[in-house]
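Have a look at the structure below, then the notes.
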Amino acid sequence: MRVKIKCWNGVATWLWVANDENCGICRMAFNGCCPDCKVPGDDCPLVWGQCSHCFHMHCILKWLNAQQVQQHCPMCRQEWKFKE
């Protein structure tokens, strides 16, 4: 018996790999997008700090710009440094 494939339609999904399911700043799901973006994906990436907390890039940048003196992680209050 031989089987011949006449048509194949591949389907894929993507998912960010993060410790939490939601951004600690905007509370939106990581597999969605932040309030500033319209579409999830590469235009709304996740960023990690050296403290291992993860946020939407736009959310943490707004948070850091609002800090007056030192920039701290909104979750653990350690000095914020982007993970390399």
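The backbone N, Cα and C atoms fix where each Cβ goes, and this holds for glycine too.
Given the structure is predicted, the values throughout are model-derived calculations rather than measurements.
Noted in Swiss-Prot for the protein shown:
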BINDING   Cys23, Cys26, His56, Cys59  Zn(2+) 1 binding site
BINDING   Cys34, Cys37, Cys44, His58  Zn(2+) 3 binding site
BINDING   Cys51, His53, Cys73, Cys76  Zn(2+) 2 binding site
ZN_FING   34-77  zinc finger
His56 (Zn(2+) 1 binding site): secondary structure state under DSSP, collapsed to three categories: strand
Residue from Cys51, His53, Cys59, Cys76 whose C-alpha is spatially nearest that of Cys37 (Zn(2+) 3 binding site), among the binding-site residues: Cys59
Fewest-neighbour residue among binding-site residues, criterion Cβ within 10 Å, set Cys34, Cys37, Cys44, Cys59, Cys76: Cys76
Site with most surrounding Cβ atoms, counting all protein chains shown within 10 Å, from the binding-site residues Cys23, Cys26, Cys51, Cys73: Cys23
When distances run from the Cα of His53 (Zn(2+) 2 binding site) to each of the binding-site residues Cys23, Cys26, Cys34, Cys44, the nearest one: Cys23
Rounded inter-Cα distance in Å - Cys51 (Zn(2+) 2 binding site), His58 (Zn(2+) 3 binding site): 18
Cα distance (Å, whole number) from Cys26 (Zn(2+) 1 binding site) to Cys34 (Zn(2+) 3 binding site): 7
Surrounding CB atoms that lie within 10 Å of the CB of His56 (Zn(2+) 1 binding site), all protein chains: 27
Local Cβ density at His58 (Zn(2+) 3 binding site) - other Cβ atoms counted within 10 Å: 20
Shell of the Zn(2+) 3 site beyond Cys34, Cys37, Cys44, His58, same chain only (C-beta within 8 angstroms of their C-beta centre): Cys33, Pro35, Asp36, Asp43, His56, Met57, Cys59
